[in-house]
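TrEMBL has this to say about the protein:
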| type | residues | note |
| --- | --- | --- |
| BINDING | Asp13, Ser14, Tyr45, Gly46, Asn78, Thr79, Thr193, His194 | substrate binding site |
| ACT_SITE | Cys77 | active site, proton donor/acceptor |
| ACT_SITE | Cys192 | active site, proton donor/acceptor |
Amino acid sequence: MAEPRNASILIFDSGIGGLSVLKEMRIILPSMRYIYVADDAAFPYGAWEEQELLERMTKLFAALIERHNPGMIVIGCNTASTLAIHHLRKVYPDQIFVGTVPAIKPAAERTHSGLVSVLATPGTVRRQYTRDLIKQYASKCHVRLVGSENLAQLAETYMRTGFVDEAAVKTEAELCFVEQDGKRTDIVVLACTHYPFLVNRLRKTAPWPVDWIDTCEAIARRAVSLASDLTFKPRDAALPDIALFTSNQVSKEIQRLVVGFGLIGTAYP
Ligand code: DGL
């Protein structure tokens, strides 16, 4: 029988986006310890070249696995998962990885008009992984991929300072709204974990109502289903839930933000 694993889940993102995943995870897996890692020194991931980012992530994970040996790893980032999940599983076969990929399948199943948009970082829009999902699950739909340069940063600013530039949010999402042959886009997939934090502003500035779909809850459910096949040690009550930032800059704002999510900002790694 396999050795029991540490009762900890490491959630990884380029910034604060994975906190939207953490929120869901806590609801359905409350007994685990959470280690949140933001590679903020490299934010935004959406702008990186694939090879360089893959190398960076592979090195980061070597350090994180050695230091924390988590029971499970959730890549709470579409840009990172669509690039690196297969590779990381190969390089670290003893780890259990849960990825985050654009919710194209549920969108294709739910759309009435057949017009679906995927709002994501430029990196996720470029990925073959994303195009394969469309081919596999949404070949009967008209899928528009919209790469947003600034929305993840707008979400970072909002979460850190409370300020949101609504006009800029509107501009970033504008291309998602398509009218064609008397039909309109009825679903927009939020394919970046930063975006759910801006969903109210997206809703408010949209030219017509649509369904905004994200994957946070589905990821948490996937983690639960994997966890049910594993054995975990009892959680060590002395170890708190923590947040690590690769920049090692944990400002007052950041500390306040992560405390709101039940984490303590501490030194990386
Ligand atoms: N949160 C990340 C995602 O889900 C992207 C943000 C970035 O560009 O770093 O895609």
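Glycine residues also receive a Cβ, built from the backbone N, Cα and C atoms like all the rest.
A TrEMBL annotation is a machine prediction, not a hand-curated record.
On the structure: features taken from TrEMBL.
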residue: Asp13; record: substrate binding site; Cβ contacts under 8 Å, 6 or more apart: Leu19, Val21, Val37, Ala38, Asp39, Ile75, Gly76, Cys77, Ala80, Thr193
residue: Ser14; record: substrate binding site; Cβ contacts under 8 Å, 6 or more apart: Ala38, Asp39, Asp40, Ala42, Phe43, Pro44, Tyr45, Cys77, Thr79, Ala80, Ala152
residue: Gly46; record: substrate binding site; Cβ contacts under 8 Å, 6 or more apart: Thr79, Ala120, Thr121, Pro122, Gly123, Thr124, Gly147, Ser148, Glu149, Ala152, Cys192
residue: Asn78; record: substrate binding site; Cβ contacts under 8 Å, 6 or more apart: Thr100, Val101, Pro102, Ala120, Thr121, Thr124, Ala191, Cys192, Thr193, Thr215
residue: His194; record: substrate binding site; Cβ contacts under 8 Å, 6 or more apart: Gly15, Ile16, Gly17, Ser20, Leu151, Ala152, Ala155, Glu156
Please report the DSSP secondary structure of Asp13 (substrate binding site), reduced to three states.
strand
